[in-house]
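Feature list (source: TrEMBL):
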type	residues	note
DOMAIN	131-257	domain 'Palmitoyltransferase DHHC'
TRANSMEM	48-70	transmembrane segment
TRANSMEM	76-94	transmembrane segment
TRANSMEM	174-198	transmembrane segment
TRANSMEM	218-238	transmembrane segment
Amino acid sequence: MQPSGHRLRDVEHHPLLAENDNYDSSSSSSSEADVADRVWFIRDGCGMICAVMTWLLVAYADFVVTFVMLLPSKDFWYSVVNGVIFNFLAVLALSSHLRTMLTDPGAVPKGNATKEYMESLQLKPGEVIYKCPKCCCVKPERAHHCSICKRCIRKMDHHCPWVNNCVGEKNQRFFVLFTMYIALSSVHALILCGLQFISCVRGQWTECSDFSPPVTVILLTFLCLEGLLFFTFTAVMFGSQIHSICNDETEIERLKSEKPTWERRLRWEGMKSVFGGPPSLLWMNPFVGFHFRRLPTRPRKGSPEFSV
């Protein structure tokens, strides 16, 4: 029982940080404000490789669509319209990917489980709060610890290596947009591949592309496989994310069968809370709220994330 009358539950029975521990509560508020002005980035080798692969695969699809299918086409407007549509979707997809990867997903400040902080919460006698024994923070409701980010994340849905970040309270919207735009661009690429194959079969293979027939077939076949895999994965993820938002239940909460202790925001209320405001075209815009952030003088040490 704590002096303030509340109880601190710690599964691994770690004590609260003492006043003489390494964590400095006086510098916490300034450091939190400092971090808020920076871009979030996780230094995870696997995640960074997956993120780079995502960009390379999108770049490959753009190369095949532009230089193998559209530029050699004799129909000018067919090339222009489809080129604009595909590149527009690709830009939105990669922008959403960047916003997902570089946005703080809702990390709880490290080491805030101090005596001073506990007293500042003004908890009622007998009220139970939880402390994460791994990052020494007071754990908010619906927060879970990520072993890769080394932080507790508010409303953590899952950690996705393809965006090298957790999907949580603050970046779920961008992740949903990323899966949607990748799925749409994959469908568009598959349609263009089908039309290109039909055009080449009906005419001359040497005239339907600037590349040799064997190279053209290999490039189109690989793009079809990539499009099918990307569409299947992102369509499933998009559907599961919309289902989770409409039911106000994260993937972790669903897998753990956690009984809701919070007031659920169902359907449109859940969508509004994630995308912000009433339904509008702004929901589809990954650039909303974007502003350039200042560069830090030096990276932070002792944690897998840093700000740039």
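Cβ atoms here come from the backbone N, Cα and C positions, even for glycine.
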Long-range neighbours of the transmembrane segment (174-198), counting only residues six or more past its ends (CB under 8 A): 58, 61, 64-65, 68-70, 82, 85-86, 89-90, 92-93, 96-97, 99-100, 103, 160, 163, 167, 208-209, 220, 223-224, 226-228, 230-231, 234-235, 237-238, 241-242, 245, 274, 284, 286
DSSP-derived helix, strand and coil totals, residue by residue, for the domain 'Palmitoyltransferase DHHC' (131-257): 71 helix, 19 strand, 37 coil
Cβ-Cβ under 8 Å with the transmembrane segment (48-70): same-chain residues at least 6 beyond its ends: 78-79, 82-83, 86-87, 90, 93-94, 97, 101, 161-164, 182, 185, 189, 192-193, 196, 209-211, 216, 219-220, 222-223, 226-227, 230
